[in-house]
Amino acid sequence: MSVEMKRRSAEAALAHVEPGMKLGLGTGSTADEFVKLLGARVAAGLDVVGVPTSERTAALAGSLGIRLETLDTLPELDLTIDGADEIGPGLVLVKGGGGALLREKIVAAASARMIVIADKSKVVETVGAFPLPIEVVPFGLGSTRLKIERIAADLGLAGPLALRQGRDGAPYLTDGGHYILDASFRRIPDPKALAEALATIPGVVEHGLFIGLATAAVVAGLDQIETLHP
Ligand SMILES: O=C(CO)[C@H](O)[C@H](O)COP(=O)(O)O
């Protein structure tokens with residue numbers, strides 16, 4: 001997606017921000033565009049407070065003068081704006097391409113509303129073409145991976161589970177100090193069943209299926225913006 005399209009969906013989402021709001025700030029290149037636009041509005045006098053979903057977003061938002069808090073001081077938020085890797089029917093999302101899925105899900109769940117910003121290419125009929133990020137505890141990786149393969153097989157899903165690598169070739173570490181397995185299932189016809197099954201595996205911290213969290217998606221096409229609802 002071009003930066004221009006990212007900016008246009010971010011701009012449309014900015015229209016939902018009101019003075020005094022407590023905002024969840026997403027992670028990724030599209031969320032960055034939103035944070036930059038928000039920073040400009042804050043510099044012009046808008047009074048909002050943000051809870052970032054990653055160290056990366058905290059650094060960007062902080063550098064732009066956006067007042068930041070945590071969910072400890074602000075346990076309930078008005079609105080979260082975040083990107084997505086896939087947007088499926090009912091606004092079921094796949095997230096975590098940027099590795100921030102755990103904090104993103106915690107922040108989205110603490111928010112009264114979540115607006116997804118994306119370009120049209122992220123909208124899919126069936127999620128799963130984008131490898132599903134599954135955040136796991138490093139301890140017991142082999143055992144956790146086997147359990148994921150088995151519950152997936154029970155649901156008719158198969159595909160490689162790739163341990164995400166960092167730039168240095170070592171396993172990628174999330175902000176929480178966990179690993180990510182990227183599961184290439186290609187098609188996930190029943191995301192709810194997979195989400196429920198993954199939640200039963202002790203070594204799985206979270207997964208990138210966001211179900212029932214997004215309240216709207218602002219999707220930028222080449223020359224128009226569309227708002228989708230669950
Ligand atoms: O889930 C995410 C980060 O964990 C991002 O929202 C997702 O990867 C989309 O990123 P981008 O806007 O760069 O395409």
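Note that Cβ sites are derived from N, Cα and C of the backbone, with glycine treated the same way.
Note that TrEMBL annotation is computational and uncurated.
Within 10 Å of the Cβ of GLU104 (active site, proton acceptor) there are 32 other Cβ atoms, across all protein chains. If you look up TrEMBL, you'll see GLU104 marked as active site, proton acceptor.
Taking the Cβ of ASP82 (substrate binding site) as reference, residues of its chain lying under 8 Å away and at least six apart in sequence are, in sequence order, GLY24, LEU25, GLY26, THR27, GLY28, ALA31, THR53, LYS95, GLU104, VAL107, ALA108, MET114, ILE115, VAL116, ILE117. Among the features that TrEMBL reports, substrate binding site is placed at THR27, GLY28, SER29, THR30, ASP82, GLY83, ALA84, ASP85, LYS95, GLY96, GLY97, GLY98, LYS122.
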Per DSSP, SER29 (substrate binding site) is which: helix, strand or coil?
helix
Of THR27, SER29, which of the binding-site residues has the most Cβ neighbours inside 10 Å?
THR27
Using a 10 Å radius around its CB, how many other CB atoms surround LYS122 (substrate binding site)?
23
Select the most exposed residue of ALA84, LYS95, GLY97, where exposure means the fewest other Cβ atoms within 10 Å, treating these as the binding-site residues.
GLY97
